[in-house]
């Protein structure tokens, strides 16, 4: 989830280097990306060799194993992070955003396979929605693929499950990476300070660091974020300098091992054991997905520069230096430590390097934890995860959020992994499977993007998926074979989160379908007359609903039992659309329900899957001002008769907020009734004619031109009086049950699974900060 201020700043930065070609802006973003994007990837030298040589292969006198591993590491880093991500995948951005859901969002818009049931044609008019969308030629394979996806529901569900699988594995990586990185960094205490009982120190110290890391999440990273880039840069300089020292000191010809011939010799000699050891080599690219996932924070060029000129050469030198040292040291003094990073560090430098490594591991862990929060937010926005509390930790820095429930769950699972495994090898097996699964999902989705979004040849897409898919499938098989050696952990975690997501999505979909089937007809409403057959009292009644058209059954349920309602009724729908960001000027859709004299409105508030939902009183003011602006400029039907009475006419109009339309209606509140307006001379105010002295006086400041008719003036006056009286929130409290005759499986999913998740999730209006004194809940049973 990204704050609007951060989004605007980020877009301004992008526009700056695009239009003015400001290299200072590009280099600044590249510098910042080092602390956010590359913390996880840069700490991989801590555990790659140690995990690779754990048990499967040995380090012989011929050095064929160590040279083969170095060759594999070099080409893996070159082909996957450098070629695949930096030069290809980064181009598949969704309006500047990246990640698994960005690819899924692109496919949803190009092929119209969106899983959100509340989509409207008006959503397709969003500037970020229709950008770069061009239908493929009818005779091409892309057109055939597009029609096939749109025709078969099972393919759409498979696409959604594929995206959710990638999201679940990212969440699993958010649990495993902090444990692996911090534990590997702390394990250097064995050689740095030479304690005999280091095993009794490593696990407790790792747990203390992890607890501190998660406990500080609610403060946000912006307080110490300025230290992230220097820490990672210091770490990269440190490992590359040590690498150069080891190459010069121990083996100046180690560069020969970069030849692919050594990979062949390695597999020929080790055979099955060498194939199994690929699970450890795989860890050299852990964190590569962050380059794409965090694309929205920076820019393509800044990430490409940072990786190509800083991260990539530093990692290659680090791995070459370790291989050079190990090629001349076949017998390690401390056999229990096996082959690790710290054995190649000069003895006098081990303690300061240990400190830097721990700091770098914390930075890398922080990045993946924040990324996990973002993935959960996106899943929740797309209706695939229970609603959780989202706290904005910074009003200036892009993407800084905190989710308490997820934070403590991650901490407990992370501690369980650390205490349960207490071994780098098992943690590496688990983390490797999670990493490579996400990459496979990205490869599959990317092949569809090449055909549907980029409109390239199917042969190009096949070459992409075959080339990179074969590489990743090889590593995936090597990781999966170690199921009992720790790889079962990400599978179990992904399975659990997948069940939660599927149950919530299925239950939410069935609930929405029930709302659509049981909504109140407009004929019934119009037959009641302007007063709706009930007493209309002062104030605004804000009815929260998930429907984008029609009248929810909750309204008829309410007026049937309590025949009184507010003078102004607003049916509010807060929904997400499959784009990363919705501009302020396109945020609100406002329309009348029924004729003007009914004083009933529908307001649809649209957010992107990475937008921040406003959670303060400013939302109420924006909502009322958007309705006032609609009244001033919107399309209304003054004379409704004949067949028009039978139509659910809602001419929805896009209305901007006061912050984006300064020339529109503005909202003012005064404590003193006799206060005078201070403002531009070309504006006038509509004042409440009440004789009584309310605590606050509400005023709408409207432009002098264009002129508005008398009916609109009266409508604005009533809206102002209602806002002055206050807003009451009418919320639905649903009890979802499987209807009679349903299968046993459906009853278990709805009556137990979805009901449990619903009772333990946040209400639909938690983002509105609804005051309890102004809230009225109406209970209904949904038989789905």
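Quick reminder: no glycine exception, Cβ is built from N, Cα and C everywhere.
According to TrEMBL, the domain 'K+ potassium transporter integral membrane' annotation covers 29-525.
What TrEMBL lists as domain 'K+ potassium transporter C-terminal' is 539-783.
Sequence-distant neighbours of the transmembrane segment (66-87) (same chain, 6+ residues past either end, Cβ-Cβ under 8 Å): 41, 48-49, 52-53, 59, 254, 256-263, 265-267, 269-270, 274, 277-278, 281-282, 284-285, 288-289, 291-292, 303-304, 307-308, 312, 315-316, 319-320, 323, 326-327, 439, 443, 468, 471-472. Positions annotated as transmembrane segment by TrEMBL: 66-87 (among others).
For the transmembrane segment (154-172), same-chain residues at least 6 beyond its ends with a Cβ under 8 Å from one of its own Cβ atoms are 100-101, 103-104, 107, 113, 115, 148, 289, 293, 371-372, 375-376, 378-379, 384, 434-435, 437-438, 441-442, 444-445, 489-490, 493-494, 497-498, 501-502, 505. Here TrEMBL flags 154-172 (among others) as transmembrane segment.
Annotation source TrEMBL lists transmembrane segment at 226-248 (among others).
Sequence annotations record features per position, and here TrEMBL assigns transmembrane segment to 275-295 (among others).
Feature annotation from TrEMBL assigns transmembrane segment to 301-320 (among others).
The transmembrane segment annotation in TrEMBL covers 351-376 (among others).
Taken from TrEMBL, the feature transmembrane segment covers 401-421 (among others).
The transmembrane segment feature in TrEMBL is assigned to 433-452 (among others). Distant neighbours of the transmembrane segment (433-452): 80, 84, 88-89, 92, 100, 103-104, 106-107, 110-111, 136, 141-142, 145-146, 162-163, 165-166, 169-170, 172-173, 176, 279, 282-283, 285-289, 292, 458, 460-462, 464-465, 468-469, 472-473, 475-476, 479-480, 482, 487, 490-491, 494; these residues of the same chain sit at least 6 beyond its ends, with a Cβ under 8 Å from one of its Cβ atoms.
Among the features that TrEMBL reports, transmembrane segment is placed at 458-476 (among others).
Below 8 angstroms of C-beta separation, residues 115, 160-161, 164-165, 167-169, 171-173, 175-176, 279, 379, 383-386, 413, 417, 421, 425-434, 437, 736, 749-750, 753-754, 757-758, 784 of the same chain, each at least six residues beyond the ends of the transmembrane segment (483-507), sit close to that stretch. Taken from TrEMBL, the feature transmembrane segment applies to 483-507 (among others).
Across the candidate stretches 226-248, 301-320, 351-376, 401-421, 458-476, the maximum count of CB pairs under 8 A to the transmembrane segment (275-295) is reached by 351-376. Among 301-320, 351-376, 458-476, 351-376 has the largest number of CB pairs under 8 A with the transmembrane segment (401-421). For the transmembrane segment (458-476), same-chain residues at least 6 beyond its ends with a Cβ under 8 Å from one of its own Cβ atoms are 76, 79-80, 84, 88, 141-142, 278-279, 281-282, 432-433, 436-437, 439-440, 443-444, 446-448, 450-451. Outside the transmembrane segment (351-376) by six or more residues, the chain places 1, 35-37, 39-43, 46, 99-101, 167, 170-171, 173-174, 177-178, 181-182, 184-186, 188-189, 192-193, 209-210, 213-214, 217, 221, 228, 231-232, 234-235, 238, 242, 287, 290, 293-294, 341-342, 345, 385, 388, 399-403, 406-407, 410, 610 with a CB less than 8 A from a CB of the stretch.
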